[in-house]
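Undergrad: Before anything else, here's the structure in question.
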Amino acid sequence: MTHIVAYLCVLGSFLNGFDQCTVPESEFQLEGDYLIGGLFDIHQVNSSFYHHRPEAIDCSSSSETECITLMRFSVEEINNSTKLLPNVSLGYEIFDHCTDSVNFPGPLNLIAVNGLIQPLEEPHKNLSKVIAVVGTYTSPQARAVAPLFMMNLIPMVSYGAASSIFSRRQIYPSFMRTVHASKDVIEVIFSILTEFNWKWVAFLYVDDSYGIDGLQLFLKKIKDTDICLAYNKALDHYSDYKAIFKQINAQNVNVIIVFAPEWTVEELMKSVKQINVTNKVWIAGDAWSLNKKIRDQIQGIKSIGTVLGVAEPNMTIPGFREFIYSFKAQTHCENAKQQKFCNQICHCSSLTAEEIIDADPSFSFPVYSAVYSIAHALHNILQCGAYGCKANIKVYPHMVILCLLSLNLTLFKNCVQVPTSVCSTECDVGYKKTQYGIHKCCFNCTICPNGTYNNITEDPYSCINCNNTQWSEEGSTSCSLRVVEYTPFTDIWAIGIMVGAFILVFISLALSVLFALNYNTPVVKSAGGPMCFLILGCLSLSSLSVFFYFGEPTVAFCILRYLPFLLFFTVCLACFVVRSFQIVCIFKIAAQIPKLHSWWMKYHGQWLFITVAFVTQAIFLLINYIYAPPSSKMDIYWNPQKIILGCDIDFKAALISLVLPLLFCFLCFVFSYMGKDLPKNYNEAKAITFCLLLLILTWIIFATGSILYQGKYMQPLQSLAVLSSLYSFLLWYFFPKCYIIIFQPQKNTHHYFQNLIQSYTKTISQ
């Protein structure tokens, strides 16, 4: 372990030196909230080499320009998306990984923090900003660098490494790939051999872990079958192709399987042309089957025979061609020395857009899907929604692994779709079918309106109505239960109004005590004397109605909402009619009609009138409640999603109980007008008139509100109107009297009132 630590420290120092070479704002870097690393074969090594110490190598000959451009395109497409990772930016840091054994600056840069590598013994307090890596291309490259990423569980999503060894999770826990494993490719090759009954074959493979793995898988597959491996050979830079094909021809082998990357196959095809190998069947692995350069080579060889290939699906990526043309239009070829990237001279910009587009498409979609898989995993980790992603989530590489393992992603469907033949396309959910013509296959689609739904399994041709306790939006497939609403006793409005009712009772009680203590004073007598206590008592009893506007409405609650108020408030109005009449009678009618005045005084006409009013109103209410009693109701029309509980009243039947209150209001206005010029301290008519105006205004406001609004707060609004009606008389009729009793006692004397009467008498006599 000590040697490993020392080795990593040396490589870290080496990396730190090269980190200073990175050109800012290059095609290899893009800042972002989260970084994705990229390891691509942008160049290839021309020859073998050996170094005694770590040093950068000279990479040349461009190879994977399309793949790096595709990664840049994928990241920019994601950053411009409003659905995937909204308000989160992805960046990338791409390195040229042109060999499998000595080119380590790129991988070390990706796992470094501030240019330093943390050995395994040290606690990983700070991890790299890189959350995942796309690459590498070949299996040997992946085997060389994968352990560096595995130790921090950084996801490594390869777009080309197909060796079966990477399926071993205990060795490569954070390795994934977006290509088929070699095992799948061998399965297809075996199917081709079986289909055409080819039993005598040769197997040429690259001399590395990828090729050896392919050979072992093939041998395992053909074991216990009729297929025989006549010849196999590992290929490298020193292969003697002339001797190889001499052996193949000597054994009369006509089917050759080539399991190697494109650069090995290029050398092979050059030798095939030189040696003039003809009339063979070539089965290509997915590493080179779609390579344009090799395809051009094959077309230049006469009588090469038949070439069959196993390939990844050649997907057309929307927008990629336009991206390349747009990018190349903005790129100008600069001095090669200004484009150095860690001692590697990049000749990418010298490539035309057509050359990039016509490059090997074999692994274009795997690169694209690798980037999108990482982005979708990050999208799930950050719990992104339509309005953005959560910013308080710390993302660790192992979290990305878990999301990638459970990810089921479909980017876009293949374009060789099954043809369709239908008269009418199927309706969307929530639509009913309306058949036209004689065939049931021909129909129009009509969306189901609010309050209905369509269940295609029950009846696709009709919209089914929801019942009264359910609701549905337009185009629904089922109904939802409505929310039942009423104003509970715990509602803030209910509490406030009930507190107001308690205050009214308390004030009424306090006024009764004050008037009792000053019972023989002129102010109390002018206010009605004993009638004041009746009025205050009726106001308190009327306030009982307020408490029954809250809670779940029942028949009893609905009756008690109206009974106390209509009965006792009618008595209050009767008292004010009597007061208005008595004031006018004393000052005007007594002199003109003395018999009426004497009869009124003899038989206590005021109390007789109030008693008759009380009994009559009680009879009216009894008749109303017998023939059309109030009941609880469910309002299902005001809001389609809610049921508003309230009380149902027969307004025609209820008019009989409103006759007396309306009549008494009218009489109060008449008597008040007749007594408009009476003495100030005896002019109760003006105070009564003002109270009546407030009463009328209150119920006009309530009537307007009930037309515009029918929700659950309709009940508190009505109880507030009742309470306001009671307060209008309590405040504007009794409070002025209290003010004189408490603060102006000099006006509460018999002498003061006699002077007012004498002044009024002199005025009318003149």
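Keep in mind that glycine also has a Cβ here, set from the backbone N, Cα and C atoms.
Annotations in TrEMBL come from automatic prediction, not curation.
Sharing the record's features from TrEMBL:
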DOMAIN    493-749  domain 'G-protein coupled receptors family 3 profile'
SIGNAL    1-17  signal peptide
TRANSMEM  492-519  transmembrane segment
TRANSMEM  531-550  transmembrane segment
TRANSMEM  562-587  transmembrane segment
TRANSMEM  607-628  transmembrane segment
TRANSMEM  654-675  transmembrane segment
TRANSMEM  687-709  transmembrane segment
TRANSMEM  715-735  transmembrane segment
Undergrad: Do the transmembrane segment (562-587) and the transmembrane segment (492-519) share at least 3 Cβ pairs closer than 8 Å, excluding pairs fewer than 6 residues apart in sequence?
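TA: In this chain the transmembrane segment (562-587) does not contact the transmembrane segment (492-519) - fewer than 3 Cβ pairs sit under 8 Å.
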Undergrad: When you look at the transmembrane segment (687-709) alongside the transmembrane segment (531-550), do they share 3+ Cβ pairs under 8 Å, ignoring any pair fewer than 6 residues apart in sequence?
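TA: Not in contact, no.
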Undergrad: May I ask for the residues of the chain that lie six or more residues beyond the transmembrane segment (492-519) and have a Cβ under 8 Å from a Cβ within it?
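TA: Long-range Cβ neighbours of the transmembrane segment (492-519): 527, 529, 532-533, 536-537, 539-540, 543, 546-547, 549-550, 713, 716, 719-720, 723, 726-727, 730, 734, 737-738, 741-742, 748.
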